Amino acid sequence: MSIKSGFVALAGKPNVGKSTFINVVMGRKVVIVSDKPQTTRNRINCIYTDRDSQIIFVDTPGIHKPLHRLGEYMVKAAVQALKGVDLILFMLDAADGFTKTDEHVAKIVSESGTKTIIAVNKIDVAGEEKAKAVGQLAKSMVENVVSVHYISALKGEGVFEVLEKIKEELPEGPQYYPEDMVTDRPLSFMAAEIIREKIFHLTRQEVPHSTAVVIEEIKDRPNGVLYIRANIYVERDSQKGILIGKNGSMIKKIGTLAREELEFLVGRKVYLDLNVKVKENWREKDFIILQEIGLKDDIK
Ligand SMILES: Nc1nc2c(ncn2[C@@H]2O[C@H](COP(=O)(O)OP(=O)(O)OP(=O)(O)O)[C@@H](O)[C@H]2O)c(=O)[nH]1
């Protein structure tokens, strides 16, 4: 039996709700969501599979970067990347109105000529009129728009209509990935992202941004438990104190929440071993780069 399958690029400025949308579609948490912009340092490709379709949601490098950092070359590269996908999902924020960054994303999307679905998100907090204005402006700026939807990813409103439309527009094709695969990222990457998300949610000010999570070890224990050891690097002793908390209460909270989510992801018991370490100026160190581009080994 043939299915509908293909690659869908998620385009939209930071914080419009791309991760929230993906999480609703996937029915479980696979992408970090935060109210602090650009938390998803490394974007994850998510694979949605059902009876008659497989959709691979991909990120477009360059498109989320601040305008001032976008050289002509990067714009070209982004356009080129969008030419290579089957469909674009261009997301906008109804509450924000149509901004300069939206205009810039719209230009890149339009230039690719690729079929585009527009989703105006956050209608739960914006008036209908404002949302419609955003949708219409976006539509007028993009060449190949197949439909415009008004949604609230947070409330799950309209998300499945978008999903149906995506399926309708995708070509018939093969199932590219096994059906139980939800992301093409290794487990070590997912684990680091999940731990980082908890730190983002539970701590304030400079702490989240001074934190790096490096997965040191993932091992199958004979009793079926998955053992994961992670180092959490901060830049100063004071930050270490905050992360550990009074009598270890904060790190315990982070650990419990992260473990529960990891257990959900891998479908079995997880033992999470977290160690907070101070490493001055870790941002300049290359070990974190290695981790972020996924060079650490996955489960052995
Ligand atoms: N009110 C409202 N808030 C939303 C909606 N969708 C997402 N948000 C919120 O918007 C913020 C950003 O959402 P994300 O899903 O992380 O946005 P993103 O586009 O992936 O952001 P980046 O990773 O920065 O590119 C979070 O606080 C979400 O809870 C929505 O439909 N309504």
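Cβ atoms are placed via backbone N, Cα and C, with glycine included.
Model, not experiment: these values are computed from the prediction.
Between the stretches 59-62, 127-130, Swiss-Prot puts its region 'G3' entry on 59-62. Lys18 (GTP binding site) is surrounded by 25 other CB atoms, counting those within 10 A of its CB over all protein chains shown.
Around the Cβ of Ile123 (GTP binding site), the same chain contributes Ala94, Ala131, Tyr150, Ile151, Ser152, Glu157, Gly158, each under 8 angstroms and 6 or more positions distant in sequence.
A count of other CB atoms within 10 A of each Cβ picks out Gly12 as the most crowded of the binding-site residues Gly12, Asn15.
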